[in-house]
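Undergrad: Below is a structure I'd like to ask you about.
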Amino acid sequence: MADKTPGGSQKASSKTRSSDVHSSGSSDAHMDASGPSDSDMPSRTRPKSPRKHNYRNESARESLCDSPHQNLSRPLLENKLKAFSIGKMSTAKRTLSKKEQEELKKKEDEKAAAEIYEEFLAAFEGSDGNKVKTFVRGGVVNAAKEEHETDEKRGKIYKPSSRFADQKNPPNQSSNERPPSLLVIETKKPPLKKGEKEKKKSNLELFKEELKQIQEERDERHKTKGRLSRFEPPQSDSDGQRRSMDAPSRRNRSSVLDDYAPGSHDVGDPSTTNLYLGNINPQMNEEMLCQEFGRFGPLASVKIMWPRTDEERARERNCGFVAFMNRRDAERALKNLNGKMIMSFEMKLGWGKAVPIPPHPIYIPPSMMEHTLPPPPSGLPFNAQPRERLKNPNAPMLPPPKNKEDFEKTLSQAIVKVVIPTERNLLALIHRMIEFVVREGPMFEAMIMNREINNPMFRFLFENQTPAHVYYRWKLYSILQGDSPTKWRTEDFRMFKNGSFWRPPPLNPYLHGMSEEQETEAFVEEPSKKGALKEEQRDKLEEILRGLTPRKNDIGDAMVFCLNNAEAAEEIVDCITESLSILKTPLPKKIARLYLVSDVLYNSSAKVANASYYRKFFETKLCQIFSDLNATYRTIQGHLQSENFKQRVMTCFRAWEDWAIYPEPFLIKLQNIFLGLVNIIEEKETEDVPDDLDGAPIEEELDGAPLEDVDGIPIDATPIDDLDGVPIKSLDDDLDGVPLDATEDSKKNEPIFKVAPSKWEAVDESELEAQAVTTSKWELFDQHEESEEEENQNQEEESEDEEDTQSSKSEEHHLYSNPIKEEMTESKFSKYSEMSEEKRAKLREIELKVMKFQDELESGKRPKKPGQSFQEQVEHYRDKLLQREKEKELERERERDKKDKEKLESRSKDEKEKDECTPTRKERKRRHSTSPSPSRSSSGRRVKSPSPKSERSERSERSHKESSRSRSSHKDSPRDVSKKAKRSPSGSRTPKRSRRSRSRSPKKSGKKSRSQSRSPHRSHKKSKKNKH
């Protein structure tokens, strides 16, 4: 059992084989003798161990024997067993038990396993020719050969062999050492083997011949391809022989597969002009490819491999080929377009296999087309062009020569440019005409001209200035000079003596590629400007802005794109500003774009190249952005929607304020623009001084230099009495709650001003009284009464509180404000402030009514008018309310005018009566002196003095009011007080009588008395002043 494994020793296997062969006859005889006796024995009395032992020996012999002698002995045993089993089945059919059946099955299984094992061993041994299989590239040949034939053809046909092939035939063992029975068996093979062997051999020869034929066809095909692509004569056979001699063993293996090798990225052929395109947008067609690739040169062919199956369509990208007329143009296209984004697809280019190039391209770039067009008319014979005009077509025309010599000189230096006609019918007619003229002579040309004088196709024979005639004349001359119809000389020459130079067309201008001038023209658009986006980047930005939503991821992706292209920050800012200026954009997109601006500004301080440019460029555009947002905010019809939009914009302002991106005044300005409080157009008109930008030159005025003129007032040496924000010392002394005695005594002792007094320090009494008389307190009360009557009842208490607070604030303001300005504008300011407050209150009422009306419209409580939008209907309602308010205002003014007239009339009557009844000063003194009893004088005083004393009290109160409002004349206030004290006998009663005189007025209202009673310290001050 030593030779079961392939790695076993060869000597042991040979010994066992020889012993098996010599003892085979005895073993067979023993099997013949013992077989029937054993089988006839009953199963109960049959000894089991010898049977098992004999069976094992038999199986061992069968497994070890692999010679053909065993194949002859095996059919004998099978026949004997078959006959024996038949006899047994016929005689003792019923005596078979389950164990016997199992043993028979085991025997059959073991025999089958032994046969499989023999085949396995025969596969590793070359002695058995029936099992040899050979492999040839391109097909399988089952050649059953003898050993000597396989040895002869071992190197020619591929045959797999194990690593122990060298040890298969050891030197000490030859074919003679084998047993004679084995040799006899080999000679007794059937004659069919020879026929099969001859048939296999012929197939192999035929296969070899077929391979040679394929190789020859392949070489011929490569030669024809190279000749067509380069317009060259066929290559010599030496090149093909040299190729066939290189690496014969490798060529034998791969020659059949070479034609099917992929060539999309093959750079082995240096003459190919075909480019492979591996990633094309499915929406791109051949015309687009021509426009994209045609910028680099004329194209020979363009092809897109359109998808045919569902699998190819699922890839969502196409591939194709673009062939140029010239290798240099193809190299430039590969260099400039590889990796470029075209219609959002990255171009992946490579070299493809060479294709036949046609004589005429399918696409000619416009820059090259211009050079192949005929020149403009010049007026010279044969449309000759001056050299300067030929180099620069835009050069101005030279003036016509004055004499013949100048004309001849210009003509001799001019160049006649020959251009091949592009119309194929005309070109064929010219060639046919030249053919007959060369054959028949000039008489044929004259006859044709006479016959076809009215035929437009033969116009080239008569019009000498046309490009067709120039080509006809040159082609005829070239053929007569011996040039070939397909090859001609391209040097400049003179056709006529002292005539112009003729410049023939190039042989094939499309094979030479584009000139350097044309290349520069084609690449004018190619280099991208620094700080500008490319076309595909601009398209991507616009696509991002169109699809932007207020989602975190979308805004983050857009912000990353902006920062990655920060070198083009200005263009990106302009694009975003433009997108925010469209009113029809939905509100969520507007909010998303504003959030994008906020994100970019927040990240403008990040460590990214050129990111800080966004802060600079957005600063110049934010005013426009928020003006457009204000326009959008005004067009929103729904109240809740507009408030939501406003809230989102205001959150951006709060975030920017926290980030400190821009100064706070600038953010307040932007907020006012958004709310509509400031208009950009008005600001631009008022702004005369340009903005101070980084890098702008600073003007000559620096800190420390004297300024000549500020606000139009020249600065003198005189000190400024009043500065905004600086409290005046004289005002600081007079505070609420401080007794006036101590303060005024201190004022007398202290010097008031250390400099020369101004004209405002001393005020004439007459001017002060005149100013006091101009404003009447009763008129102010009337205005307040009328405004309060017209206000809504729901807001009466609020308006009263507002007026009280305003009155107290106005008093405090008068105490601390500038006396110089307030004395001049006191009366006007009081009326204006009260009127403005009235107007504001009325406008608030109108806006409340309008908002209520708008809510009712939106909720459906009020019907919508056909043909009007919500906004138009609301505006119409607002105009109605304003019109009503104007009408009421006019009625009030009329009533006021009537009341003013009545007041003036009543005052004039009272003054006349007073003048009549008031006695002179002397008469009063006489009465006081001559009165015997105080009771009479007192009674007379009580009867006669009410009107003058009430008038005096009114005037004194007006003067006190003026003095309290203007504290600039503190020196005069005690003087006035003392004078008034002299006029009135009892100073303590004057305020009480003035209060009675106020109560006697018919227009006194309870509201005003309430407001007067709420400031008791003021009346206290007045009483103390009167005491002084």
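Even glycines carry a Cβ here, placed using N, Cα and C.
Swiss-Prot feature annotations, pasted as is:
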- 7-16: compositional bias 'Polar residues' (COMPBIAS)
- 55-64: compositional bias 'Basic and acidic residues' (COMPBIAS)
- 97-111: compositional bias 'Basic and acidic residues' (COMPBIAS)
- 144-155: compositional bias 'Basic and acidic residues' (COMPBIAS)
- 169-178: compositional bias 'Polar residues' (COMPBIAS)
- 186-222: compositional bias 'Basic and acidic residues' (COMPBIAS)
- 239-249: compositional bias 'Basic and acidic residues' (COMPBIAS)
- 809-840: compositional bias 'Basic and acidic residues' (COMPBIAS)
- 873-921: compositional bias 'Basic and acidic residues' (COMPBIAS)
- 949-979: compositional bias 'Basic and acidic residues' (COMPBIAS)
- Lys80: SUMO2 cross-link (CROSSLNK)
- Lys145: SUMO2 cross-link (CROSSLNK)
- Lys168: SUMO2 cross-link (CROSSLNK)
- Lys208: SUMO2 cross-link (CROSSLNK)
- Lys747: SUMO2 cross-link (CROSSLNK)
- Lys748: SUMO2 cross-link (CROSSLNK)
- Lys759: SUMO2 cross-link (CROSSLNK)
- Lys821: SUMO2 cross-link (CROSSLNK)
- Lys828: SUMO2 cross-link (CROSSLNK)
- Lys831: SUMO2 cross-link (CROSSLNK)
- 273-354: domain 'RRM' (DOMAIN)
- 533-678: domain 'CID' (DOMAIN)
- Ala2: N-acetylalanine (MOD_RES)
- Thr718: phosphothreonine (MOD_RES)
- Thr930: phosphothreonine (MOD_RES)
- 429-472: repeat 'SURP motif' (REPEAT)
Undergrad: For Lys208 (SUMO2 cross-link), what is the secondary structure by DSSP, using just helix, strand and coil?
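TA: DSSP assigns Lys208 (SUMO2 cross-link) to helix.
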Undergrad: Could you put numbers on the helix, strand and coil content of the repeat 'SURP motif' (429-472), residue by residue per DSSP?
TA: 34 helix, 0 strand, 10 coil
Undergrad: When you measure from the Cβ of Lys208 (SUMO2 cross-link), how many other Cβ atoms are you left with inside 10 Å?
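TA: There are 12 such Cβ atoms around Lys208 (SUMO2 cross-link).
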Undergrad: What are the DSSP helix, strand and coil residue counts for the domain 'RRM' (273-354)?
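TA: Its residues divide into 27 helix, 28 strand, 27 coil.
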